[in-house]
Amino acid sequence: MKQIRSLALEADISDTRFDLRLLDQTLLPNQEKWMTIETNEQMIEAIQALRVRGAPLIGVAASLMIGKLAFEKSDESIDKETLLEQARQLYEARPTAVNLMICVDRMTAKIKQTNSVQEIVDLAVQIFDEDVQLCSRIADNGAALIEDGDRILTHCNTGGLATAGVGTALGVLRRAHEQGKNIHVYVDETRPLLQGGRLTAWELTKLGIPCTLITDNMAAHLMSLGKITKAIVGADRIATNGDFANKIGTYSVAVNCHYHRIPFYIAAPYTTLDPECSSGEQIPIEQRKSSEVRGFGDFMWAPEKIEVYNPSFDVTPHPLVEAWILDKAVYNKNDVKNGVFK
Ligand code: MRU
C-alpha cells in the first residue's frame, strides 16, 4: 500500500533523539523538501505558513512539538511554566481548526498532571497513532457509501498530507478505490492557496486514483451536466448542531449540490467536533493576508492597493449535509438533530 506522509517523527527516548520533520507543503508538487523543526517558533511559523496544514495534522504536529520540547528538558526537571507557555502559543497558531485546541488541551492537562517526560512524550505519540486509526475508521465507514461508478467532487486537501493517516474525505475515496470500486474524483482547485490543484491532485496521481482537476467555478456546470454523483469534503470544526467550517468555497459546493440534488457528505474524526460550539455562527474564521488573493507565491496579478477579503474558511449550514462520516459511525440528519454531537 502506498504511503503519503508529511510528518515524520524519529524518536528514541532511551537515546537522545527526537527529530521532528515536515514535508513543506507550500513547495508541493514541484519540490518534495523535508524540513527539520527544532524550535517552537519554527513549528508555529510552519503551521501559520501552511507548511504543515489540515485540521487533524496541525493538532498532531503541535502535540509532537510539545513532546519534543519536554524531551529536550529530560536531563533537567521540566520547566512546567515555560512548557505551558509554549503550548499556549501553539494553541493560538491558527484559530479555526478545533483539532489544534483539543490536542493541545490534552497535552496541557498532561503537563499539569505529571513530572514525567516519558508520559508527556507518550501522549504525543499516542495522539499521532490515534489519528492514523481514526482515519482508517473514517475510510471504512465512508467507503460503504461510495458506489461503483460514482463521480465524486472534493474540495481542498483532506488526505495523507492533512492527517497522520490516510486522510478523511480523501481517505474515504482511497478506501473505495482500494475496494475495487470504479470511481472518478473531480478535484476543485481550491483558491486561493490551491490545496486541491497542488496537493489533492498530487496525492491522487501518486495513488493512481482516476481524477480530473477543475477550477472551483466549474463545479456547478459539471453538476448541471450530470457529471457529479456525490460530493465529499473534510472539516475544520463541527458544531453540535452539525454546521461545520471547512476551506473557503465548501459552502458553495454544498449549495450547488443542494440545487442539483446531489448528496453532500463531510468526513472528519471526533477531534474535529467542538462540544462548546452550538452552531456555525460561533466558529472563529481565520482571515489571511491579501497577497494570497492578489497572486500566488511571488507573482502578483492584482494591484497592490486593491482592498482584499480573504477568509480562509466558510461555514456550511447543517441542512445542506446528507450525512456526517465520523470514525465511530455515519450520522444522518436525525442523529444530529437528536444531539449525537452534544
Ligand atoms: O488551510 P488548510 O489547508 O489547513 O485547510 C484545510 C481544510 O480546510 C481541510 O479540508 C480540513 O482541514 C480537513 S483536513 C482532513
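Heads up, the Cβ atoms here are built off N, Cα and C, so glycines get one too.
Per TrEMBL, the candidate among R17, R88, R94 that belongs to the substrate site alongside R53, G54, A55, Q195, N246, K247 is R94. Reduced to three states, the DSSP call for R53 (substrate binding site) is coil. Those same-chain residues not listed among R53, G54, A55, R94, Q195, N246, K247 yet with C-beta within 8 angstroms of the centroid of the substrate site C-beta atoms are I58, A97, C156, N157, A162, G234, D236, S312, F313. Among the binding-site residues R94, Q195, K247, the ones whose Cβ sits under 6 Å from an atom of ligand 1 are, in sequence order, Q195, K247. Spatially, by CA atoms, the binding-site residues R53, A55, Q195 include one closest to C156 (site 'Transition state stabilizer'), and that is Q195. K247 (substrate binding site) sits 8 Å from D236 (active site, proton donor), taking the C-alpha atoms as the reference points.
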